[in-house]
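Enquirer: According to Swiss-Prot, the feature Mn(2+) binding site maps to Glu306, Glu331, His348, His447, an assignment based on sequence analysis.
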Amino acid sequence: MLNTENYEFWFVTGSQSLYGEETLRSVEKDAKEIVEKLNASHQLPYPIVFKLVATTADNITKVMKEANYNDHVAGVITWMHTFSPAKNWIRGTKLLQKPLLHLATQFLNKIPYDTIDFDYMNLNQSAHGDREYAFINARLRKNNKIISGYWGDEDVQKAMAKWMDVAVAYNESFKIKVVTFADKMRNVAVTDGDKVEAQIKFGWTVDYWGVGDLVAEVNAVSEADIDAKYADLQKEYDFVEGQNTPEKFEHNVKYQIREYFGLKKFMDDRGYTAFTTNFEDLVGLEQLPGLAAQLLMAEGYGFAGEGDWKTAALDRLLKIMAHNEKTVFMEDYTLDLRQGHEAILGSHMLEVDPSIASDKPRVEVHPLDIGDKDDPARLVFTGMQGDAVDVTMADYGDEFKLMSYDVRGNKPEADTPHLPVAKQLWTPKQGLREGAVGWLTVGGGHHTVLSFAVDSEQLQDLSHLFDLTYVNIK
């Protein structure tokens, strides 16, 4: 997968000097134990670093500034061991530009009825401190996440892990650079949008480059690199020549490998992590990138067809959140409207990420009527079963909106011998009819990101961080 920062999260424990040094030492000891055991749980995707017991406005402000300035810090986790006067948190919290998690927990998960006294109550008053602290976050309109429960429980740790993935995706969003080779497909509305506003709101840089600049990189790829990659792919996938001569099959597959290396070098040299192509502008290329795009998506690059830079950036963003697992560019195509069989068949002309393949992908070469170029090689496979979210983004003039619904992924009821593309079947969980009406009413697009590794709660959390309107169609 494309590399991201080696992120960590800082743990800040709230208290106050009123309780004395002995109590504060106990607070620090307990906080360090929580951090140590959370890191040892193997439930969290990123490490937590204990920073301090925060007792004054000055030390709170200082640590929040430090979190901002350290690029490897993805967010701050706060816990109120005791009561912590919330006015102390105002300045630092206002300055904090990283995601914030309020962990509403307690060091012990029970009340020691036989031994409890007021010293114990003073030390273990998270329920008291949580309410004071949560008020100031709400008063500041902080858009922070709150997770409540015992820190040692697996469900709480899994909730923290999901939030960590959201926080990292948020940080990485401001590094996403999309290259569009040619403009978007002519006369299409939903794939258009305000690139300046996208950079202001999400941090996305979107640059146009002419196809000729890509062609130069493609033509410069060495035969040795192509031959080596061809041999590697023969080990990983089934090669099916079909109606092609052996010479034509090998040539067309190797040309996609040439495009793969050309695209990869072009992006890596310039810092791009997502890209779009357009079948209307392929001057100088023999084929529309198919297998090439699929191989790059499998490595974590974002992609969308027809110049759809929003979906390409969203694809990259959700791949980061999902650790590049089971998260793919997708398009709604054909419906099964029979009662009891309701489903959407999703695919694209060529470019569906093999991370959702339920069978061994096959490398095949077939004609493509669109684009007026040579027959492109592509990976052909059937998608998977399971719970997923289907996500899209559109620009409505006055705002961007993120939209999704929960779906159930299924396999087709029968083979499709005349459909030589990757395909995925799914049904909205609220029903095909209800889901379609909800999607169409809000104006959801035909290009989406389908993920079996991200859920709607994470999309809601991400939208809060961006102050982005999120429509969860139910």
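The backbone N, Cα and C atoms fix where each Cβ goes, glycine too.
Computed from a predicted structure; not experimentally measured.
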Enquirer: Sequence gap of 6 or more, C-beta under 8 Å: which same-chain residues meet both conditions with respect to Glu306 (Mn(2+) binding site)?
Expert: Lys184, Met185, Val188, Thr191, Thr276, Thr277, Asn278, Phe279, His447
Enquirer: As a test of the contact definition, list every same-chain residue at least 6 positions from His348 (Mn(2+) binding site) whose Cβ is closer than 8 Å to its Cβ.
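Expert: Non-local contacts for His348 (Mn(2+) binding site): Gly305, Phe329, Met330, Glu331, Val421, Ala422.
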Enquirer: Apart from Glu306, Glu331, His348, His447, which residues in this chain have a Cβ no more than 8 Å from the mean position of the Cβ atoms of those residues at the Mn(2+) site?
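Expert: Leaving out the recorded residues gives Ala304, Gly305, Asp308, Thr311, Phe329, Met330, Met349, Glu351, His446.
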Enquirer: At a 10 A cut-off on CB-CB distances, which of the binding-site residues Glu331, His447 has the highest count?
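Expert: Selected residue: His447.
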Enquirer: Provide the three-state secondary structure of Glu331 (Mn(2+) binding site) computed with DSSP.
Expert: strand
